[in-house]
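Trainee: The structure's right below; bear with me while I get my questions together.
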Amino acid sequence: MMVDVQKMEQFAENLAAQEEVKGRSLLADARRRFFHNKAAVVSLIVLSLVVVFSVFGRTIAVWSNEEIDWGILGQIAELGAPNIENGHFFGADQLGRDLYSRVIQGTQVSLMVGVVGALIAVIVGTLYGAIAGYTGGKVDNVMMRFVDIIQSIPYMFVLILLLVVFGRSLFMLFVGIGLISWLDMSRIARGQTLSLKNKEFVEAAIATGVKPLTIILRHIVPNLLGVVVVYATLLVPQMILTESFISFLGLGVQEPNTSWGALINEGAGNMQYGTLWQLVFPMFFFIITLFSFFFIGDGLRDALDPKER
Amino acid sequence: MLSYILRRVAIAIPTLLLLIIISFLLMHAAPGGPFTSERPLPPAVLANIEAKYGLDEPIYVQIINYIGGIITSFDFGPSFKYKDRSVNDIISTGFPVTLTYGFLSFAVAVIVGGALGIAAALKQNSWLDYFAVGISVGAQVLPNFVMAPLLVLVFTLWLGWLPGGGWNGGQWNHLILPVIALSTSYMASIARLTRSSMLEVLHTNFIRTAMAKGLPYRVIVFKHALKPALLPVMSYLGPAFVSMITGSVIIDMYFSTGGIGQSYVNSALNRDYAVMMGITILIGGLTILFNLIVDILYAWVDPKIRY
Amino acid sequence: MKFSKSYLLASVVGTALLSTSAFAAGVHPETGEKLADDQTFTYRVLDEHSSVDPAIVEDVSGSELVRNLFEGLYNQDNLGNLVPGVALSHAVSDDNLTYTFKLRNDAKWSDGKPVTAGDFVYGWQRAADPANASPYAWYMELMSLENAKEVIAGDMEASALGVKALDDHTLEVKLTQPLPYFALMTTHATTFPSPKWAIEAHGTEWTKPGNIVSNGAYQMVKHVPQETVSMERNTNYWDNESTIIDKVEALVINDENVALTRYLAGETDRTETPAGQFPRLLKEYPDQAVVFPRLCSYYYTFNQSASGPEKFQDARVRKALAYAIDRRVITDAVIQGGQFPAYTFTPAVTAGFEVPKVDYAGWSQPERDAKAKELLEAAGYTKDNPLEFDMVYNTSEAHKKVAIAMTQMWKQKLGVEVTLNNMEWKTFLNERRNGNFELARGAWCGDYNEASTFLDLMDTNSGYNDGKFTNAEVDKLLADAKSSAQPQGNYTRIEEIMAAEMPVIPIYHYTNTYMMNAQLKNWPIKNAEQNWYAKNLYKVAK
């Protein structure tokens, strides 16, 4: 018995030490692995280009994002097509406004929404799920039923009340997004944690008396990252589209400002009316950005996988 | 396990009660009521209507009456908007519809998504992997409000193969477009989650040991790798299944399928309180149920998990 | 494959029918046009109807169904004039307070029972009865029925309502004040009869297919909520012989673009056209795209109440904003549905209403712009001190487009900075009603075809006057017009005051723009209230 315990402790110490060492080399390792992944690197470049475009694209714009080109208003299908000469590089929207400027401005909003939403999900969702799963028992049960409730209450009323009580602002948009983005993530993190906490390295850490919070942060969370990162990239498009629902209720982005969700929605509505560019340009940026996020996510997953050597 | 299930069922009741109370308060706090309209009703008329539906009582009395109605006679109240229908009517006509296309979409998403994900993981970084990832990303980035009108345009107007909407009692040709439109993005998510967690499992020591022992590849994949790889996918599938069978407002809107997805959103927009509450309770109940099922499945996948 | 087969089958059956009954049903009795074999009229509705109970119905799609399922005292012809329904004629007493309707004796319910004056009494009492809590109970009060107010308030029994059956075919109605347009009001769904025995047998479920008993040209055979309503001809209807359309189907299609796609695929015979698409559709399908005026007004209202902003208390500011809007651009380039630029609140199509010549209607747009600049400068707003305010509208593609065009016009012409806010419908209504706005969108459709239905909104005490405009002269003119036989002078004066005070900015008067199957004939495009009856329609052969 005595021997057993001693052996266990020794084993655990070794293991902990090993983890420490690995912890330091892990990042460098991960970076190396990430930059060896071609798809991920290309995606990173594409994403950077999109960001650069959204920041500096405006400098060559001829029209602002709100000016109506009265000359083509009413004849968009005939006169509103993409055209270098009149300055509508991406064509015009149904109201004769410059799509190029609108896409740039929409890109800023939607990138921000997607990234902030995913970040909230990653931070709040992962920690919440890991704590619930690791603690288990009553705490787990109460914490997860809380998630069930939040997920089932009519979200629309929460948004409407936010609008009425606090008024509209970009910050409230993020509050609205943040309220729901982490829910599924917490479930996934908890499920994984339930399984992880029975693994030898966690049991060993427990045996050596490491504090629960430290175990969660040092041992559980790093092992969750693979699935968390992949799921976060799935969340990005969801958040970007949720924004247009929030804006529908009046809480989010208001005209004359716009977002990818709003632009795509408008373009999709008009797709059979000969103004396909209204769908194509916003969709193009939406798609290349999401592709980039996905491949970066996969690259990160592969790079961060603690088991991968 | 049985005692765990019993405990979970026991906590489900206060959870639902809390859900009812929170939703009820939220709903009544939101501006506008079921009878707010462009032309405001004269006070006398409004008073009659509110008296009829018991809306003139203090809010806590309303909540108690509401919960009492459910417990004593399974009565979820009348619709304030659709005057000849009760909430039970609306759910019992709409839910089978969403259940049908939701379940079919779920099956399609799981089978296709799962197969794509597993194939991609087994042949990591091969053309098959890129193809599978490409397909799933493509499906993911095409939002269903783009997909739905596009499908109608192509299959109804241009090709003339399928009806552009309606449910028609769930006839097969009315099912195809809604199922495609609903399943794609879930399929993509499932494929990507499966791929990543499969990869993770394939790189664990115990699979490597199995490989070293010279077990046939197929056996390794399906007997040893698949089960643990399902874990994160299952956490996703629980809520995904609930949201699929409770329908999608986009699907109902574009295809006029008449499911409760649309009733849910409309009832919120119309402030049709009772309908709103009825569907909220349905969604809440299903969410709790399927998360319990997922938890039971966890224990099956990983016998080490104890609650 | 399956489709082509069933199509083949249909055409075989069709030919077979044609050969046996070509003489009887193949030709329109009056015009001599060759009729189509399939007389099914399928139309798109935006939203599921709320009820088909005549005493309760409140929405447009429900009223359309009720007009086909039931029949009231009078119907409207294609021009909106009264034609006999269940009533053949009526007499008015000398004091204009008692109306006596003579009912036809061959009118029957779909179960064969005769339609009696008592069914009308019962229907009207139900509409007013607090126990029934009809959202349209106020219509009984609007008709000035004796004791309507007291019955609705619960101070009197429903039986005290001023409507009586003198015998089975004579209905007597008592009013509290003379109402020149009373008979016109009896084409409204709320005044239709109700079958007491069916309602007592089935309670609130009496309107479901299988339970419902109706007295109109059609009866309901199927209702799938959020999807479809099917009606087939009522063989007991007194004028069933002259009815040509056999079957009417309403399909709920929420999205207007999908609705158009499905129309083009031949799934419906009528659909609304999406905003901005009408000119193109007219060019491509000149025989199917139709446009006609409606009895509705689109406007923005200034908040002049205590909670409103100081800047809108100045009439110069209000007028400058109204002048600077180029309504032609909005109607012809933004909405593009043939709408009419509005300079008065009341639409020109309103029966008996002569559009007054308000000053700014006659100016050219550059003149209006110049005047607007002048007024705004006089009010103290310049480039360095620009006018700024909030503008709110309810979420919708079309409203958004109009609002954006307006703000851009103001910005470019006057340097005015506007913050746009959209809100979900009920939130919007609530905020507007409570005066939490500066400038808000509004729209009004006439309850009946007479100018007072619009101008009453400007009454200080009107429940619909969300901008809280107050003008003693307007109040008096409105009150006088109620009992005047020639109210046009009052209406002209009110519109002139409105042009001078500009409590609201009239933008345009509505039209309906439809895509309508070219085979479908006799649609009442000249009926401004758009009260259509499927029994008057027919489909000609291709």
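Note that Cβ sites are derived from N, Cα and C of the backbone, with glycine treated the same way.
Feature list, courtesy of TrEMBL:
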| type | residues | note |
| --- | --- | --- |
| TRANSMEM | A:39-61 | transmembrane segment |
| DOMAIN | A:107-297 | domain 'ABC transmembrane type-1' |
| TRANSMEM | A:109-134 | transmembrane segment |
| TRANSMEM | A:146-165 | transmembrane segment |
| TRANSMEM | A:171-189 | transmembrane segment |
| TRANSMEM | A:220-241 | transmembrane segment |
| TRANSMEM | A:279-300 | transmembrane segment |
Trainee: Report, as numbers and ranges, which residues of the same chain sit near the transmembrane segment (A:109-134): CB under 8 Å and 6 or more residues beyond its ends.
Mentor: 50-51, 54, 140, 143-144, 147, 173-174, 177-178, 181-194, 196-197, 212, 215-216, 220-221, 224, 228-229, 231-233, 235-240, 242-243, 253, 257-261, 286, 289, 293
Trainee: Is it the case that the transmembrane segment (A:279-300) and the transmembrane segment (A:171-189) have 3 or more CB pairs under 8 Å, with pairs at least 6 apart in sequence?
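Mentor: The transmembrane segment (A:171-189) and the transmembrane segment (A:279-300): touching, no.
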Trainee: Please indicate, using numbers and ranges, the residues of the same chain that are 6 or more beyond the transmembrane segment (A:220-241) and have a C-beta under 8 Å from a C-beta there.
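Mentor: Residues packing against the transmembrane segment (A:220-241) from afar: 26, 110, 113-118, 121-122, 125-127, 129-130, 133-134, 177, 181, 184-185, 188-189, 192-193, 196-197, 202, 259-261, 286, 290, 293-294, 296-298, 300-301, 304-306.
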Trainee: Counting only residues 6 or more past its boundaries, what in the same chain has a CB within less than 8 Å of a CB in the transmembrane segment (A:146-165)?
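Mentor: Those are 128, 172, 175-176, 179-180, 183, 186-187, 246, 249-251, in sequence order.
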